[in-house]
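Over in Swiss-Prot, the protein carries these features:
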type: CARBOHYD; residues: Asn29; note: N-linked glycosylation site
type: LIPID; residues: Cys314; note: S-palmitoyl cysteine
type: TOPO_DOM; residues: 1-37; note: topological domain 'Extracellular'
type: TOPO_DOM; residues: 64-72; note: topological domain 'Cytoplasmic'
type: TOPO_DOM; residues: 94-118; note: topological domain 'Extracellular'
type: TOPO_DOM; residues: 141-163; note: topological domain 'Cytoplasmic'
type: TOPO_DOM; residues: 184-191; note: topological domain 'Extracellular'
type: TOPO_DOM; residues: 212-240; note: topological domain 'Cytoplasmic'
type: TOPO_DOM; residues: 267-279; note: topological domain 'Extracellular'
type: TOPO_DOM; residues: 301-316; note: topological domain 'Cytoplasmic'
type: TRANSMEM; residues: 38-63; note: transmembrane segment
type: TRANSMEM; residues: 73-93; note: transmembrane segment
type: TRANSMEM; residues: 119-140; note: transmembrane segment
type: TRANSMEM; residues: 164-183; note: transmembrane segment
type: TRANSMEM; residues: 192-211; note: transmembrane segment
type: TRANSMEM; residues: 241-266; note: transmembrane segment
type: TRANSMEM; residues: 280-300; note: transmembrane segment
Amino acid sequence: MPMQGAHRKLLGSLNSTPTATSNLGLAANHTGAPCLEVSIPDGLFLSLGLVSLVENVLVVAAIAKNRNLHSSMYCFICCLALSDLLVSGSNMLETAVILLLEAGALATRTSVVQQLHNTIDVLTCSSMLCSLCFLGAIAVDRYISIFYALRYHSIMTLPRAQRAIAAIWVASVLSSTLFITYYDHAAVLLCLVVFFLAMLVLMAVLYVHMLARACQHAHGIIRLHKRQSPAHQGFGLRGAATLTILLGIFFLCWGPFFLHLTLVVFCPQHLTCSCIFKNFKVFLTLIICNTIIDPLIYAFRSQELRRTLKEVLCSW
């Protein structure tokens, strides 16, 4: 069931694109003009989802095992891993169900299939919203730890973090239920796009401000020790490179998906837009790739978490 316009499920029929025989090809739109269509084999999609699933399960298990990691920061990281786990798991589940239905291996009533479809859609949408929210929450947590270092533990207490986490999950589930129910309204898609842009701006502003403070601190140390300025410039370049990678990965992995939703609203029948719609599964694959990259950026850089992860793996 490929995407043909605005009157499709937000996360259900949209990602139920058929598998082509080649990985890259030219497909014709309804006017006969060639469209560049990149096909993601179901095997590759499921494999990436499995890697993400295993990786994020390990993060959750490591944080749950080590009491030293039961701080507000690691609670947000754990919830990010859990939401990423649900993103990959729900997409894998829907792909598997579609393949079984197409193969005739799963025979059930249409009403049951539709109910399952809606449930998976809500799970996928809510986990995506949670993933974006927890990326923003981690940025806020790090910002407070830098700019309010002396008051950090009194501001970011564990009960406050737990209340914030509960609020994020409840709001995401309720919002996704409304989004899936009213998926054919343009306002729903625009709300999702605005939410993504808000998270992008929030992360960019906070991380840029943190980088500026870090460069200022490094400059003060250099002046104190009377070192040469190239060291400060090198630190600034490394910090800028790290920031570019962090925000760049976020934008490249999530941006195409929300661009797709924007085009569904503003040009559902345009020839160029219809060509872009054919690559929806590519955009979902990029999100799955982001769920694989997130633990590398936010979790595995912690020496304590890596040590606990080794203990978890050895215990198995």
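In case you wondered, yes, glycine gets a Cβ from its N, Cα and C as well.
Source: prediction; values computed, not measured.
Across the topological domain 'Cytoplasmic' (301-316), DSSP classifies residues as 13 helix, 0 strand, 3 coil. With a cut-off of 8 Å on Cβ pairs spaced 6 or more residues apart, the transmembrane segment (241-266) and the transmembrane segment (164-183) reach fewer than 3 such pairs and are scored as not touching.
If you count C-beta pairs under 8 angstroms between the transmembrane segment (164-183) and each of 38-63, 119-140, 280-300, the highest count goes to 119-140. Long-range neighbours of Cys314 (S-palmitoyl cysteine) (same chain, six or more residues apart, CB within less than 8 Å of its CB): none.
Taken residue by residue, the topological domain 'Extracellular' (94-118) breaks down under DSSP into 19 helix, 0 strand, 6 coil. Outside the topological domain 'Cytoplasmic' (64-72), and at least 6 residues removed from its termini, the chain residues within Cβ reach (under 8 Å) are 78, 141, 156-158, 160-161, 302, 304-305, 308, 311-312.
A Cβ distance under 8 Å defines the sequence-distant neighbours of the transmembrane segment (119-140), meaning residues of its chain 6+ beyond its ends; these are 9-12, 73, 76-77, 79-80, 82-84, 86-87, 90-91, 93-94, 97, 164-165, 168-169, 171-173, 175-177, 179-180, 195-196, 199, 202-203, 206-207, 250, 254, 287, 291, 294, 298. The average pLDDT computed over the topological domain 'Cytoplasmic' (64-72) stands at 91.
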